[in-house]
Structure formats: C-alpha cells, structure tokens
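What TrEMBL records for 1-295 is domain 'PUM-HD'. What TrEMBL records for 64-99, 160-196, 230-271 is repeat 'Pumilio'.
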Amino acid sequence: MPINPNTMACMDFLGIDFPGEFMNLASSNNNNIITMAMSEDGSEFLQILLSSRDSRISNLIFTRVFELILELMTHQFGPYLFQKLVESVDENRLLMIMEKLTIPENHIYHASVHKYGSFSVKKLITALKRSPLISYVTNALSNKFEKLMTHPTGRDQLLNMICDNVRFLAQDPTGNYVVQCVIGLGNPAINDRIFNLLEELYVKLSMAKTESHLVEQCLQLSGMNWVISEFIGSDELVMVAKDRYGNYVVQTALKESKKRDGTLDASPVVKLEEYMGCLQGGHGRNIVTLLKSLQQLIFEVVLLG
C-alpha cells in the first residue's frame, strides 16, 4: 500500500522511520498513538502500520487505544483505523473489544446512533461474520432495537446497516430476530430491499428452525413473490416440503397464495402435485392434507358460484 505524501510528511514531522522508530516512539509515551489516531494523517499512518501484519505493532496499537475504543469508533478519523485494528488482532483481543463495548454498558448502541460510529459497527459486523463473537453485536442490537428505531438519527443508520448485512444476519439466530423486527416495521422501501437481497436464500432459510420464521413472515407480507418465485424454480422444493421446519413454510406459501389469488394456480402446488407419492410419509403428509383441503374448498366455491 503506497504511503500518502501527507502521511510521509506526518512521519517526518514526528521523526518516525517505518516501522522501526514507531515502536520506540509509541512505547515511550502512552498518548502518542491516541494523538495520531485522532488526526487524519496520523490515522492513515497507523492503518498502514497495521497493514504490515506485524503482531508487535498491532498489539502495541491495541494496548494504547483499547481504553478509548468507543472514542476511536466515533471519531471523524477513527472508523477506518478501527476496521484495520479488528482485522489485525487475534480472537482474544477481539473478545476484549467486544466485552469492552457491551459490558456493563451497551456501547454498541451508542456507536450505532452516531454518524461515524455506525460505520464502525458495520465494519465490526463484517470482521466478525465468521466468528462466534458476532453474537455480542447481534445481542446488543436486538436488546436496543426499539430504542434505536425511535432515535432521530440512529434509525436510518441502523436500517441501512442491517440491509447491508442482511444475508449474514438472516442466517444468525439473534441476527435473524433483528431482521424480523425490521420487516415488522412495514417500511416498503426497506422491506423490498431486504426481500431482494435474500433472493436465492429462501430455500435454505426455510429448512432452519429460527430462519424459517423469517421466510413465513416474508410470505405474509410483500415478500411473497420473491419466496414463491424461488420455490417454483427450485429443485429442492420437495425437500423443503418434507423438512420438519420447511413443511410449515410451504403450508404458509400455499395458504397465502390462496388468500391472494383465490386459486392455487400461481403457487408451487402444480410442482408439488407431481410428487404427491413422495410426500405421503413424514412431514410431507402435512402438505398433502393441506393441498386436498384447499383444493376441496376451491371446488366448493366454484360450485356455489
């Protein structure tokens, strides 16, 4: 990564060689790194140092900024440095950061409603996607969800943050609950964005305990077309129908199709009818029973009409 000329000037002004002299300077004064982190060129310089993947440097920077981690997240020049830091430290250091941000006070909430802090939280989610530590973030957001939704600036920032990470959050037990809460707000623009971003995940989500509730919620709202379209085009529809959780999703799809159109022509029923024999056992029997019931109801309505 090339060093910006302004950053070079900052290093020259401080009398720092890259990266050797930095260790001596930072070790001699606890305030040096904090001062640098809160300036544009100093922040960029620290990011470059962290990019070197030198554990001595990342550990030293971590030690100096740890007590002021929230201030770093919410400072004008802090989010990109914070991002580099969480990408550079090990799992133990990340745990320390998460505990600092959530115990005893929910600093994740405070960062989420801040102009720069919300960017830091978004980067934190990205960095922790493959770590069990992500539960700290999702729990913090779910616990303060109602408060965040009534905050004058936090609401829009959080909604955009959730949309940006919805494919990941939808597959996390706590994050899934957060997504359900957002959809429940009934914001058409946000919901359409979420339904579109979840495309090609509906089949997978339908066969998971918590995630299946999210798909049912989509079916009951304006996300029905996305789900039905994916079901009809999927080779795994029968698998979903026979699944212990998926069969409830398919039942909801059939019922909601009937409510909307008055028929089952536009629903996955045509595809399911081809495999009625395969559905006779296990959870698939629920689908067979419902199909017969709905078809009988439609037949009676036609006769009465």
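Don't overthink the numbers, they just go from 1 along the chain as shown.
Here the Cβ of each residue, glycine as well, is placed from N, Cα and C on the backbone.
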Helix, strand and coil residues within the repeat 'Pumilio' (160-196) as assigned by DSSP: 30 helix, 0 strand, 7 coil
What DSSP reports for the repeat 'Pumilio' (64-99) is 30 helix, 0 strand, 6 coil
Over the repeat 'Pumilio' (230-271), what does the predicted model average in pLDDT? 84
Would you mind splitting the repeat 'Pumilio' (230-271) into helix, strand and coil residue counts from DSSP? 29 helix, 0 strand, 13 coil
